[in-house]
Amino acid sequence: MERLKQAIRERGNVLSNEVLKVDTFLNHQIDVDLMAAVGKEFAQLFKEEGITKVLTIESSGIAPSFMTAADLGTPLIFARKKKSLTMNENVYVSKVYSFTKQETNEITVSKDFINENDTVLILDDFLANGQAALGLINIVKQAGANMAGIGIVIEKSFQDGRNQLEKAGYRVESLARIHSLENGHVTFVDELVTTNR
Ligand code: G4P
């Protein structure tokens, strides 16, 4: 998605060879107009899948997922990283290990909101090692619902996430795929020049 790639180039900040900061439009301040365009793109990509629910994880997944759900005309559910005061025991629980933070979090979703009649689209802001997406897939499986696929705003293709998800048999659609962040420069997968020699 060209507009997203332009935002990453112009408003992103490469912090290291592994980490891209995008708090100008996605992770802290949210560019609402850009998120609306992101939502349209995901809705277009998955419109044939009969999606009944969009599922993400708090907090940064919520903005792009909200816009996608609005376009698809479905509810949006976000998995919680901390159990809320009003949440009872009627929940699906899944463990998510973060390689970045080296900690395991339990994520929870109320059983009231996903069941075996649902077809679920999982969305997230970043795909790194795929652990968050795998945790969400585990919840969809516990619910006995169908998986439509996984939509990612920014994929770091030099990490193992896509490989993990495709190996597990899921469709992955990423709106921007980053090949490398080396030397402070963002290179996208579709900018790579292939030569036969
Ligand atoms: P994984 O789920 O793909 O395995 O990712 P990982 O554990 O490595 O990532 C942990 C957190 O860091 C996630 O957010 C993820 O979105 C974010 N993240 C990973 N790589 C980058 C990056 O290059 N740039 C930025 N900005 N974020 C990255 P989180 O802790 O759940 O945060 P939030 O959703 O509450 O904002």
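Note that Cβ sites are derived from N, Cα and C of the backbone, with glycine treated the same way.
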Binding-site annotation, TrEMBL, xanthine: partner of Asn27, Lys156 in Leu20, Leu34: Leu20
Among Leu20, Asn27, Lys156, which are recorded as binding-site residues, the nearest neighbour of Gly130 (5-phospho-alpha-D-ribose 1-diphosphate binding site) by Cα: Lys156
Candidates Leu20, Asn27, Lys156, namely the binding-site residues, that fall within 10 Å of Asn129 (5-phospho-alpha-D-ribose 1-diphosphate binding site) by Cα distance: Lys156
CB contacts for Leu20 (xanthine binding site) [other CB atoms within 10 A, all chains]: 19
Spatial neighbour of Leu20 (xanthine binding site) that is closest, considering only the binding-site residues Ala128, Gln131, Ala132 and their CA atoms: Ala128
Segment-level pLDDT (mean, integer) for the domain 'Phosphoribosyltransferase' (36-157): 95
Cβ within 8 Å of the mean position of the Cβ atoms of Ala128, Asn129, Gly130, Gln131, Ala132: remaining residues of the chain near 5-phospho-alpha-D-ribose 1-diphosphate: Val96, Ser98, Phe99, Leu127, Ala133, Leu134, Gln159, Asp160, Gly161, Gln164
